[in-house]
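So that you can see what the record holds, here are the features copied from TrEMBL:
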- 39-64: transmembrane segment (TRANSMEM)
- 42-534: domain 'Major facilitator superfamily (MFS) profile' (DOMAIN)
- 76-95: transmembrane segment (TRANSMEM)
- 165-183: transmembrane segment (TRANSMEM)
- 195-218: transmembrane segment (TRANSMEM)
- 239-261: transmembrane segment (TRANSMEM)
- 267-289: transmembrane segment (TRANSMEM)
- 310-331: transmembrane segment (TRANSMEM)
- 351-370: transmembrane segment (TRANSMEM)
- 382-400: transmembrane segment (TRANSMEM)
- 412-431: transmembrane segment (TRANSMEM)
- 443-466: transmembrane segment (TRANSMEM)
- 509-529: transmembrane segment (TRANSMEM)
Amino acid sequence: MNTETLREKLRLAPSTIEHVPTISRLANGSPRTVTGPRWVLLMFSVLSSTFLFALDNTVVAAAQPHIVLHFQAVDRMAWLSVAFAAAALSTNLIFGQLYACMPPKWLYILSVVVFEAGSALCGAAWDMTSLIVGRAVCGVGGIGMYVGVMALLAAMTTVEERPAYIGSIGMTWGLGTILGPVMGGAFTDSSTWRWAFYINLPFAAVILPAAVFILPAADPKAGCSPRARLAETDMIGGFLVLGATSTLVMAINFGGLLFDWNSAAEIALFSVSGALYLCLGCQQAFSLGTAPQHRILCWDVLTAKESRRTVGLMILVTGAGGCGIFVPVYFIPLFFQFTRGDSAMDASLRLLPFIGVMIATVVFQGVLLSRSRTILGLYMPWYAAGGCLTAVGGALMYLVDSGTPDASIYGFSVVLGAGVGMIGQAGFGVAQACVDKTQTAKAVALVALGQTGGITMALAVANTVFVHEAARRLRGVLGSALSEQEIHAAVGGVATEVFGQLPALESMTLPYIVIMAAGGATAVLSVAMRRERIATSILAISP
């Protein structure tokens, strides 16, 4: 009797909770080959790379006003975050394919080197263009490290212990996310913003030796030539994804700020993006330049009967989790800077209740998913509850104004943190467990695509809504007292003394509409999820 048949026989019912299905592929996971102190050092190393990726996602949040003033380039401020996010989003699937056919150890090491090179370029940037290029290089190396960590853990851990390690990645990612604005603000206030990027370099002294000397040198395609390995990738599809995604993100972020929405530049960006997505659709449909099983969108994973439903849902809900995490990370400090006069560091510390609860929830969830024999060992209830809490938390934050007590804001952020903690990271473990071991890298890349896509699009839409509404209200209050450039500078945080005295502050809560939508969508999608565990032995599904 196969697993799919057992799933149909043993659907969750109150009286049969001990006989729910599991996604486990093996009766017992193979034991790890690295143990003891070497395993601890290796885990510290790979988690450090996850920490750096998360740190760089948000490190410019508090430092960007000083950076654009230093280079006198307020009009290109959006690129500081867009370059990193767009580069990571655009190369995500490419790395997913490469980790499936290249030696993961050396691909991971290469990603670390690329990331560190980008960090060095950012720190030594001589103008805004070189800084933007450095941010893009960091994005490529960072997503390579992130996908690599997920793929490596899938190869080095058993199915039973994997959710706990995925939880540790979520905890590390959350820690890096919260410390990004804090460290960026601290270095900017105490010395120079350049140290916000140089701080990444010492980590290489820990990450690279551990990766070189301890990381197992497994090869998914041992004996294959480089040409044969590359034949199993879809470079044409990868470049189409890169071009289409980059132009779409730029169009959303630049609209109304650098270019008018009806300008030729905006129309061109949207048109080029649409044309490239159309070309991508045709290329994928007819497998142009690649074999059907090697298409960049991983159709073999998305269409496999055993995994298509679960992987598809995990992509969507993890993207929603990305929305719920990064909007507060950027807008809670901004709110306190403008309404309470906080410094960059003090405003970043206001995130601690949100991030603290989020991290605790991720860890608690990972432990229960890997060990619990109750309903808490099923992943579906977590997404149902997490979606509802995320929507409620977003609604509460939407109601905040300048007169709301700090304690209330902290309480609202705690609700939101608990919600996004439930939906933000578990999808990686679920997706890995429901596919064949040879497809785990692709599954990780697809879920990471959902996460980075959710982050990128949420920030793009949230910032666009915030900037447009704030600028509109500033114009209504000041009329012609400020130029258009001065208005955008105030909205971007370059001139907070102007912005902080105006009723345009109310526009800061509008981005939480995105979170409400993400939470509601997750709650609805949870209804379609299977009632199954991801970590128990396959013996649990025996009748």
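The backbone N, Cα and C atoms fix where each Cβ goes, glycine too.
Here the transmembrane segment (165-183) does not touch the transmembrane segment (382-400). Their Cβ atoms form fewer than 3 pairs under 8 Å, with each pair 6 or more residues apart. Only residues 6 or more beyond the boundaries of the transmembrane segment (267-289), in the same chain, are considered here, and those with a CB under 8 A from a CB of the stretch are 234-237, 240-241, 243-245, 247-248, 250-251, 254, 295-297, 299.
The stretch with the most CB contacts under 8 Å to the transmembrane segment (412-431), chosen from 76-95, 239-261, 351-370, 443-466, 509-529, is 351-370. Here the transmembrane segment (310-331) has Cβ contacts under 8 Å with residues 23, 57-58, 61, 174, 177-178, 180-181, 301-302, 351, 354-355, 358, 383, 386-387, 390, 393-394, 397, 413, 416, 419-420, 423-425, 427-428, 430-431, 434-435, 443, 446-447, 449-455, 457-459, 462-463, 466, 508, 511-512, 514-515, 518-519, 521-522, 525-526, 528-530 of the same chain, all six or more residues outside its ends. Counted over residue pairs 6 or more apart, the CB atoms of the transmembrane segment (443-466) and the transmembrane segment (239-261) come under 8 Å in at least three pairs, which marks the two as touching.
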